[in-house]
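I have placed the structure first, in the form of structure tokens, so that the comments after it can refer back to it.
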Amino acid sequence: MTGSAVPLGPLRRWIRGTQASHRERGATLSNVYIAVLCVAIGAGVFKVQLTKIFWPADPSLSGVAGLSASVICAALLYHALRRLGPATLSRPASYFLLTAPVSRRRLLLPSVRLGAAGAALTGAAAAFAVLGHAGARDALPTLLVAAGALLGLLIFLLAAVAQRRSATAASPAPLDRLASPAVLDRLASLALAAGLAELVAEAAGWTPPTLGGPPAATSLVPLTGALTALVIAGFTLLVRGLARTRNDRILESAKTAGTLFDAAFGMEPSWVTDMLERRYWANRRLRSTRPPARLPVLTGQDLLLAGRRGPRLLWLLGATTLPLLLTSAPHWLLAIVLLVGMMVAARTSTATIRTDAGNPVLARMLGLTSRQVIYQRFWVPLALSGIWGTLTLTLLQMTGNLPPGPWWAFGIALAPAGAAAAVRHARVGFVRNDLLPLDTPMGTVSTGPLVNSVAGPDLLILGLPALLALAGDDPLPWSSVLLQAGVALLGARAYLNATTAEDRTELTARR
């Protein structure tokens, strides 16, 4: 076998021709036309909403808050690029062309061009939105938007460097250690946390220092030119070293992008959940720990697994401050965010319920019925939901955003509702495609994905007394707390008893 590379252009043309042989002539152009037309119609229909998002009539962000919003957008863009590549392939191309004798550089260049264009557009849109919300509208918006696009390209280059470098290779050089994937990922997470902390501090009443205003043209033009030169040099080095990108990194990004596309196209979100669970356990080091002897065996297992998710628990703890960002919004919206946050906190330990619902082998080995299993699995989500809700309501009351009353007790009273919603969502399983579709004026709507999406959040209706109490903006009496506790407890118990039995092991909910 020779080491010469096969020309990639004819191979790609042959693959495209083979794929297009079963399509109608002009089908691709028709798809492009329909996509562009849909974007244009959507922009015209939602013009008012888009204007409020990117260019509101009353800008309210301070200069420091604008910088924090920029840091948050940059960190989110970096994390998105790290998950999707940035140098990647489609799954068929990664299976058949990655190990073929073709030029690796030319194979990956299309994804690099597409990712760079997306990063530049995202950076420009983020800069435009920050300028619109920070009030700096007459001060060189074109140059600042161009600088945002260049910063998006720099973030793309950082993500490409992190993808190409090995996470396990040890290097004595400090610069090489700084450019390692683990360090870059942690720096991006710290930047995201710092930006959110500043916005939360302003919402809680902190007065930020006043900045001197936007930079002058005499300093911004050379800075933009320097960024352009840096981006060009960075992309030159990136393209030269593109062939050294490791196969496992390309395959990982291809699987992630393919799973997200399949989940969106097939409207099956459980594929994304399964991918995240597999990736989490693939990076774990197995170790044996005895669960607490005084707890039920499945409750002890959930407690151990929740304790091993340290980063997620820290993010949940920090997320208790995020509802402070909605203090200027209507209180009914704040109540909905509170209920959804409690359900998300309870979902930290519901992966075992999803496993038991798909394969109840552990319940059979332990000789437990479905009702015993679900009650033992219910305690840890109940505790997580109650702790998150109590801390959130306590912070809201301490910052003066709630009227007088025992609001902290509402977190405990709402805990059964959040835990029941998380348990129901974990047991929902795959989307049912056997349900009859709905005919609407906008076309046919599949009811299977619709039913799957509301399974879980529908039990948040048990928090209706809390929603009414928060929307009323009146002092909270203890009678409302007791009413909410009774509704949540009775509703959660009714759901658990109605979907389990003492004479079967399977956790599959009765439909």
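The backbone N, Cα and C atoms fix where each Cβ goes, and this holds for glycine too.
Database features (TrEMBL):
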{"type": "TRANSMEM", "residues": "32-55", "note": "transmembrane segment"}
{"type": "TRANSMEM", "residues": "61-81", "note": "transmembrane segment"}
{"type": "TRANSMEM", "residues": "114-136", "note": "transmembrane segment"}
{"type": "TRANSMEM", "residues": "142-162", "note": "transmembrane segment"}
{"type": "TRANSMEM", "residues": "183-200", "note": "transmembrane segment"}
{"type": "TRANSMEM", "residues": "220-239", "note": "transmembrane segment"}
{"type": "TRANSMEM", "residues": "378-399", "note": "transmembrane segment"}
{"type": "TRANSMEM", "residues": "405-423", "note": "transmembrane segment"}
When you scan the chain for residues with a C-beta under 8 Å from the transmembrane segment (142-162), skipping those not six or more beyond its ends, what do you find?
70, 74, 77-78, 81-82, 85-87, 112, 115-116, 119-128, 130-131, 136, 179-181, 184-185, 214, 217, 220-221, 223-224, 227-228, 230-231, 234-235, 238
Near the transmembrane segment (32-55), which residues from the same chain, at least 6 beyond its ends, have a CB less than 8 A from one of its CBs?
125, 128-129, 132, 137
The transmembrane segment (114-136) vs the transmembrane segment (61-81): 3 or more CB pairs under 8 Å:
yes
